[in-house]
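One structure is given here, and the rest of the page talks about it.
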Amino acid sequence: MPINPLYLFPNLFTASSIFLGMMSIFYASSYQFVMACWLVVASLILDGLDGRVARLTNTTSKFGIEFDSLADVVAFGVAPSLITYFYVGYNFGRIGMAVSALFVIFGAIRLARFNISTNTSDPYSFIGIPIPAAAVLVVLCVLLDNKYHFLEGNTEKLFLGFIVLLGVLMVSNIRYPNFKKVKWNLKLFILVLIFLSLVFVRPLEALSVFMGLYLIYGIIRWIFLMVKIIFNKNKSA
């Protein structure tokens, strides 16, 4: 059965994401953490392109969806997990191993849940923080420490705790914005230009602030919703 060459095009982006994820693992295993971390960020860019290319070329397929999920496990599950272990996790023996493994497991659960709920969930939000966002938050912490050296002593334990938190957030019911479905307008276009300018000037700091706000947004929104539900229950009681 002949295959339309156009179907290969978006999958090349997905395959490239896996390749960069593997390169990230290799660099991390040789303690070249800066390169390893930026490769995960580069994988995020490719991950955002494959779906768009598939939609633009009208080559969306079930194979592409499953292939993308497998790529995400490698690039955003295994790669940041091993970066975490080689960077600080090994100092804590089996605890470090367990934390690194749990991140991959929770990420795989997150992807499986996403695949079976794609047609029923709100297209403008994700249930649980997306695994690419969690992965980028991990590598940004490593890059920030490489530059500012804040992970020492007890803060290494906090970093492992942060990894566990990200894993829990991935399988939680906390909703996060889906920027792939955002509606473009002039105001948003200007904001994106400002953000890209900041990324050009201070890439690490700008990305860290943006991703930090993204992380906190979901948690604060969830807290407000819980407070509202409790208040309404007490009011109706």
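Including glycine, each Cβ sits where the backbone N, Cα and C put it.
Straight from Swiss-Prot, the features:
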TRANSMEM  3-23  transmembrane segment
TRANSMEM  25-45  transmembrane segment
TRANSMEM  73-93  transmembrane segment
TRANSMEM  95-115  transmembrane segment
TRANSMEM  124-144  transmembrane segment
TRANSMEM  150-170  transmembrane segment
TRANSMEM  184-204  transmembrane segment
TRANSMEM  207-227  transmembrane segment
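Highlighted: of the candidate stretches 25-45, 73-93, 124-144, 150-170, 124-144 has the greatest count of Cβ pairs under 8 Å to the transmembrane segment (184-204). Comparing 95-115, 124-144, 207-227 for CB pairs under 8 angstroms to the transmembrane segment (150-170), the maximum falls on 95-115. Against the transmembrane segment (95-115), stretch 124-144 shows more Cβ pairs under 8 Å than any other of 25-45, 124-144, 207-227.
Residues 17-18, 20-22, 24-25, 28-29, 31, 33, 36-37, 39-40, 43-44, 47, 99-101, 103-104, 107-108, 111, 131-132, 134-136, 138-139, 142, 151, 156-157, 159-160, 163 of the same chain lie 6+ residues outside the transmembrane segment (73-93) yet bring a C-beta within less than 8 angstroms of a C-beta in it.
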